[in-house]
Amino acid sequence: MSACLGFRELGLQPYEPVLEAMRRFTEQRSPDSQDEIWLVEHPAVFTQGQAGKAEHLLVPGDIPVVQTDRGGQVTYHGPGQQVAYLLLDVRRLGFGVRELVSRIEQALIGLLASYDVQASAKPDAPGVYVDGAKIASLGLRIRNGRSFHGLALNVDMDLAPFRRINPCGYAGLAMTQLRDLAGPIELDEVRTRLRGQLVKHLDYAEQTTLTGGID
């Protein structure tokens, strides 16, 4: 079991500065650096992963498109979606990539179960699904044994922009969100429950809230 996992709650932040901060953190961290998870919402943005194809951006319209270095294909971020960036020393944790993905999926499934929503993962399509509709997306990058990027959970948001793309490269993939499955949801409470599930499933002994910026 690892020691302490630090969380930063960043509120609503533009995507690109957070992306650059993740890269800097990953490049500059030492073998003794504490693992961190950054909890954030983004203004409307499409992000294209390394496997993304231009034809999966159907009608982006006025929503910006950002090319990223995470795994996966195109997805949408917007207010009311809880994003968590996992800045972990995966080598120190002793996880392979597949195990890390599975542990993140199990944390999300556990969170949803706490709202009486039964969800599952698919071995051939990372993420978490409810009755075939996707509620959470995953996209990671591992560099020198350290992870960055992470997960996006649809909580209480406008899902319409997902219709402008083929989410994760799948034409017609249905998307859902926690509000539509469990009624009115407080995002603060979702964050608290998500923190607990990530600490549990990533096998940390405790958690702490980190203060200060990410510049």
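Yeah, the Cβs are placed from backbone N, Cα and C, and that goes for glycine too.
What Swiss-Prot records for Cys168 is active site, acyl-thioester intermediate, and it gives sequence analysis as the kind of evidence. Mapped onto three states, the DSSP output places Cys168 (active site, acyl-thioester intermediate) in helix.
Taken from Swiss-Prot, the feature substrate binding site applies to Arg70, Gly71, Gly72, Gln73, Val74, Thr75, Tyr76, His77, Ser137, Leu138, Gly139, Gly150, Leu151, Ala152. In the structure as shown, the Cβ atom of Gly139 (substrate binding site) sits within 10 Å of 23 other Cβ atoms.
The annotation domain 'BPL/LPL catalytic' is assigned in Swiss-Prot to 31-206 on the grounds of sequence analysis. Per-residue pLDDT, averaged over the domain 'BPL/LPL catalytic' (31-206), rounds to 94.
Under DSSP, Lys134 (site 'Lowers pKa of active site Cys') is assigned to a strand (E or B) in the three-state scheme. The site 'Lowers pKa of active site Cys' feature in Swiss-Prot is assigned to Lys134.
A gap of 8 Å separates the Cα atoms of Ser137 (substrate binding site) and Cys168 (active site, acyl-thioester intermediate).
According to DSSP, Leu151 (substrate binding site) sits within a strand segment.
The CA atom of Cys168 (active site, acyl-thioester intermediate) is located 5 Å away from the CA atom of Val74 (substrate binding site).
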